[in-house]
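Trainee: According to Swiss-Prot:
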BINDING   13, 14, 15, 16, 17, 18, 125, 180, 371  FAD binding site
BINDING   274-288  NAD(+) binding site
């Protein structure tokens, strides 16, 4: 049966990538269908109940700047907020929020259920409609065909998903859900490179069986920060509660070591590679054998939940062993496990087979986003979903495309890393992956991306006005401060010298004075004659950072300008690299396989030398491909 409602875009999967993809597509105005195997699990946090962190918080802020839903949802559902690295520079500060699982899912559903142009249908997708190497729709398990101009696959860990607890294995996309084996087989029949990855989750513990009095208490920040640029004054956070910290010990490690042969990972049952930066507890004990203890964050799953998430204890050991090692940990001596931990293995497809828009190179109008591309984490998934949804929508009746770059966002870094380097392990975002960290800060994500969001129609009128007002206030106040002078031996100078190490000897602008480490905006406000009445903390923050880091920011902007030349030089998709004399066989093979879209992208493919890029540039200039 064909269920034809004239959809422009179909999004398959209702996780974090799917929600952002469907929401972005619908906000742009495309008639969008979200197909999910279970409407009740849309927006579900399958693993840890938290959003953000180092590098990840940057992604959430960027999704928000483009009108996405993740930041607003966590503002509605967050039960503890912290700014990580708050004592360090602004480039590496990151927001992290503990979530109430129930409230988060409720918030996501509220946001997408009120989204115009978006329909939701419950059924598993078993097949794709592909005609002349172009996707035209999706076929569900019950035999319903939905046709559309674009299809976005955001299927998480469901493709060929296999759950492992010790030596017991069963098919599953996550605990309690069936895998998408038919769709996995269909995708394997298409010309994509495919491999297996693994991730895992810890056992959940009944909080009533835990002794918190022997653990370290970890409180959130006060005042409580917001994730979204648009939430303050409109969204009220839920009640805030603490998390706790405990540690493994030698007894814990001995129990794990003595039972390694029973672990699915160490017994050879699991083929896929797990996440390097979120290893299982058995992996930690083996890889860091010299460490006497490992930190465990004891995280509540919600205000009204009795479940605790012991972050740091992901495992594939048998349930009996899980019980033993959990009870060896301080505070967990009488712990009751409510759900066993498990590892899950699943198919992923080589992201080097994708364009920067996340459209596949082999099947036209088909987009991949999330764990199908080899990433791990809600934030990485949401970021990809956003880009895929945008491009699916804006290219319906044209050849328009938009994708972020390494110079304007962490989303750009994420996608560029994936499509140029690929991945052999679950990819996680860190600030260290970005070259231009001082420019790609959490605090200025809206200033970097929201103009484009306005242009694409991704922001609501209210959010658009909020952004424009903030941007104008920053521009106007910086201009005023650059044109306001204080001369020596004036009353203003004498008032200012209370905060300085020495007397002023020359005339300075307020902006130059703000560059000094001992001066901040609040001190300038104390000089009554200056009449500095600005109260908006977000605007003040941008003014201070612009002044204090102006030299570094200027240098990074110059670096970006140098590399922009290569980024702007497009390579045709049918370009014949064998015509370029002097390229080695290795370079020729890699360029032919990956089909980079620009010289900049080509330069970042592992094994592509500067000499090869020079030869390519000379040939393209000589033959008229570039000027």
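Backbone N, Cα and C define each Cβ position, glycine as well.
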Trainee: Would you mind pulling the longest C-alpha to C-alpha span across 13, 14, 15, 16, 17, 18, 125, 180, 371, which the record has binding FAD, in angstrom?
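Mentor: Across 13, 14, 15, 16, 17, 18, 125, 180, 371, the widest Cα separation comes out at 18 Å.
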Trainee: Which residues of the same chain, at least 6 positions away in sequence, have a Cβ lying under 8 Å from the Cβ of residue 288 (NAD(+) binding site)?
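Mentor: For residue 288 (NAD(+) binding site), the qualifying residues are 294.
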Trainee: Roughly how many Å lie between the Cα atoms of residue 284 (NAD(+) binding site) and residue 15 (FAD binding site), rounded to a whole value?
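Mentor: A Cα-Cα distance of 29 Å.
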Trainee: Nearest to residue 276 (NAD(+) binding site) by Cα distance: which of the binding-site residues 13, 15, 17, 125, 371 is it?
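Mentor: Closest recorded candidate to residue 276 (NAD(+) binding site) by Cα: 371.
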Trainee: Where residue 371 (FAD binding site) and residue 274 (NAD(+) binding site) are concerned, what is their Cα separation in Å, rounded?
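Mentor: About 12 Å separate the Cα atoms of these two residues.
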Trainee: Quick one, of the binding-site residues 13, 15, 274, which Cβ has the fewest other Cβ within 10 Å?
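Mentor: Per-residue Cβ counts within 10 Å for the binding-site residues 13, 15, 274 bottom out at 274.
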Trainee: Using Cβ atoms only, which residues of the same chain lie under 8 Å from residue 280 (NAD(+) binding site) while being at least 6 residues apart in sequence?
Mentor: 200, 263, 265, 274, 314, 315, 316, 343
Trainee: Give me the CA-CA distance between residue 125 (FAD binding site) and residue 278 (NAD(+) binding site), in Å, as a whole number.
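Mentor: So the alpha carbons of residue 125 (FAD binding site) and residue 278 (NAD(+) binding site) sit roughly 30 Å from each other.
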Trainee: How big is the gap, in Å, between the Cα of residue 282 (NAD(+) binding site) and that of residue 15 (FAD binding site), rounded to a whole number?
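Mentor: Residue 282 (NAD(+) binding site) to residue 15 (FAD binding site), Cα-Cα distance: 28 Å.
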Trainee: In sequence order, which same-chain residues at least six apart have a C-beta under 8 angstroms from residue 278 (NAD(+) binding site)?
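Mentor: When sequence neighbours closer than 6 are ignored, residue 278 (NAD(+) binding site) has 199, 314, 376, 426, 428 within Cβ distance under 8 Å.
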Trainee: Residues with Cβ closer than 8 Å to the Cβ of residue 286 (NAD(+) binding site), same chain and 6+ apart in sequence?
Mentor: 257, 260, 266
Trainee: Which has the fewest other CB atoms in a 10 Å radius around its CB: 276, 284, the listed binding-site residues?
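Mentor: Per-residue Cβ counts within 10 Å for the binding-site residues 276, 284 bottom out at 276.
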Trainee: Quick one: give me the count of other CB atoms within 10 A of the CB of residue 282 (NAD(+) binding site).
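Mentor: I count 26 other Cβ atoms within 10 Å of it.
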Trainee: For residue 280 (NAD(+) binding site), which DSSP three-state class applies?
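Mentor: In the DSSP reduction, residue 280 (NAD(+) binding site) maps to coil.
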